[in-house]
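Before any comments, here is the structure.
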Amino acid sequence: MANSGLQILGFALSLIGLIGLIIGTILPQWKMSSYAGDNIITAIAMYEGLWMSCAFQSTGQIQCKVYDSILQLSGPLQATRALMIVSIIVLVAGLGAACMGMKCTNCGGDDKVRKSRIAMAAGIIILIGSLCAIVACSWYAHDIIQAFYNPFTPVNTKYEFGSAIFIAWAGSFLAIVGGGMLAASCPREKSTPKYPISRPPSSKEYV
């Protein structure tokens, strides 16, 4: 059977990863205005996220605007939003299943083999959800890099990676490690010792 300490550590890492994904999804700093090259540093820093765009002024004022229409958004942004939402939902489902399958809980009954199988299935679910988040972050990052090195992109509209995408990346990798620990709860069947079959003495032995 898997060690209960390994399951607790995997659950904790997955939970921290889920919190990181939620924070990263909400924050608007997925990409920030770039000051590389000949771009002039201004008093306003522009940030864009999955749900809104914000302007941070040097005086400390923040002005944010939620995206008006989904149809006006770019394809990578729409795909990133969908994958991040799916990732969070799948991780919540995986953590719920992990609560039933962990050895330190009584939710899944007293059958240890069954609880280990539930924990293993929960780990696989968490792995799937974290992979969706990694794909979403990598897709969005590829779009930022492609626009940054595009010679036809105006200098004032170039963006770099923001802090939110790093938070989402870190959360997804933590969830992968935690899901892998829970998936290692594969039950091992106990090998039954094989004894020689004893036969009753035949009648010839008494003669």
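The backbone N, Cα and C atoms fix where each Cβ goes, glycine too.
Listed in TrEMBL for this protein:
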TRANSMEM  6-27  transmembrane segment
TRANSMEM  39-59  transmembrane segment
TRANSMEM  79-98  transmembrane segment
TRANSMEM  118-141  transmembrane segment
TRANSMEM  161-184  transmembrane segment
REGION    188-207  region 'Disordered'
Given the transmembrane segment (6-27), its same-chain partners at Cβ distance under 8 Å and 6+ residues beyond its ends are 49-51, 84-85, 87-88, 91-92, 94-95, 98-99, 101-104, 119, 123, 126, 130, 133, 162-165, 167-182, 184-185
Are there residues at least 6 beyond the ends of the transmembrane segment (118-141) whose Cβ is under 8 Å from a Cβ of it, and what are they?
-> 2, 7, 10, 14, 17, 21, 30-31, 76-77, 79-80, 83-84, 86-91, 93-98, 100-103, 108, 161, 165, 168-169, 171-173, 175-176, 178-187
